[in-house]
Amino acid sequence: MTQFFKSSLVKARVAVSTIFFCYGLTFASWASRIPSIQEKFSLSEAELGTLLLMLPIGSFISLPIAGILVAKWNSFLVTRLSIVLYLVSLVAISLSENIYLLGVVLFLFGLMGNMVNIAINTQAVSLEKEYEKNIMASFHGMWSLAGFFGAIIGAFMISEEILLQYHYTIIFSASIIAAYISFKFLIKQDLDEDQDKPIFVIPDKSLLLLGVIAFCSMMCEGTMFDWSGVYYKKVVNAPKDILGLAYTFFMVSMAGTRFVADYFTGKYGVKKVVFFSGVLNFTGLLILIIFPGKIISLIGFFIVGAGVSSVIPLVFSLAGKSKNMGSSVALAAVSTMGFFGFLLGPPLIGYLAAWLNLQASFSFIAIMALCVTILATQIKSSSNS
């Protein structure tokens, strides 16, 4: 019986990891082709920033419904439905014929992305409780690993001049098969302890703190996703054939660090790991701003990747253990604030770059990293969240 239980947990962990991978691959596939979309519609940086703003709007709109849907229907059902619709919206992006239709599709892409985010993280929290040890960072490591592969695939598609609709159809087909196989191994019912907690209450100070930390950290992360290559090209003046290295160094560092983050969290605790992560992030961004050389900038991107890697898994894990709200609703509050920062960062950088310059706009992101460091000191060692 014990062996069967362990086997079921392992299968569930693989299934949840697979959905995280599909989720990350889908987003990375979109992000890797942003330059193609900008070129297709002849968009300026400010116009691109406006278009990118549709994603956080969709994410924000999903806030009042995502947590409630997961609480009512459980994460098993919402995960399956939302990942399918998320993949469909990716293909729809490639089929958009004008920027107005594209804006609507990006709104839906942002909305469904946050649905997946909340549902699969609720699955991860339930599984972490069953394991009775820190495993959250490894799931987010799969998301980052998928982002790395998505970037490589995107770079290949661009170099071979593969049309966007063919690229996205391939990603859709592979991901939908992998997700479908994983569906039956997901946790069928979220832990019963959430059923005695109210579906909606005003988040307490602990959850708000976690939400603000998530917002600041994911704004840095989102900026790296969408602007690392542009920064390396326009500020560092790197040649075209190595532009992908900036994103690659960032993603390799973030993915690798996430796979060892659970060990360091168990050894040093959440508070110290989040604090040091903020320090790393701030340091990496300072290097990018002050020393924009071809080699040293790559070191900066690598350090930023390590800095943002552990923050989100840790604050999500704490949110999922809230004593005042159900896991899904607490995660909805914190992850939506984080996801909003993730999606708001790129368009904001576009506006700041148009007003000042790209190098100056990264100074704002460095301030966000510094905020993570400062706010980490307020995390309670034995958090009520």
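The backbone N, Cα and C atoms fix where each Cβ goes, glycine too.
What TrEMBL says about this protein:
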DOMAIN    10-384  domain 'Major facilitator superfamily (MFS) profile'
TRANSMEM  12-31  transmembrane segment
TRANSMEM  51-70  transmembrane segment
TRANSMEM  77-93  transmembrane segment
TRANSMEM  99-120  transmembrane segment
TRANSMEM  141-159  transmembrane segment
TRANSMEM  165-187  transmembrane segment
TRANSMEM  207-230  transmembrane segment
TRANSMEM  242-261  transmembrane segment
TRANSMEM  273-292  transmembrane segment
TRANSMEM  298-319  transmembrane segment
TRANSMEM  331-354  transmembrane segment
TRANSMEM  360-379  transmembrane segment
Residue numbers, six or more beyond the limits of the transmembrane segment (298-319), whose CB comes under 8 Å of its CB atoms: 121, 124-125, 128, 134, 136-137, 139-140, 144, 206-207, 210-211, 213-214, 217-218, 220-221, 224, 228, 232, 245-247, 249-255, 257-258, 261, 264-265, 270, 273-274, 277-288, 291, 327, 330-331, 333-335, 338, 369, 372, 379, 383, 385
Of 12-31, 99-120, 141-159, 165-187, 242-261, whichever stretch has the most CB pairs under 8 A to the transmembrane segment (51-70): 99-120
Chain residues outside the transmembrane segment (242-261) and at least six past its termini with a C-beta under 8 angstroms from it: 137-138, 140-141, 144-145, 147-148, 151-152, 155, 221, 224-225, 228-229, 231-233, 236, 273, 294, 297-299, 301-306, 308-310, 313-314
Cβ pairs under 8 Å between the transmembrane segment (165-187) and the transmembrane segment (331-354), at least three: no
Confidence summary (mean pLDDT) of the domain 'Major facilitator superfamily (MFS) profile' (10-384): 88
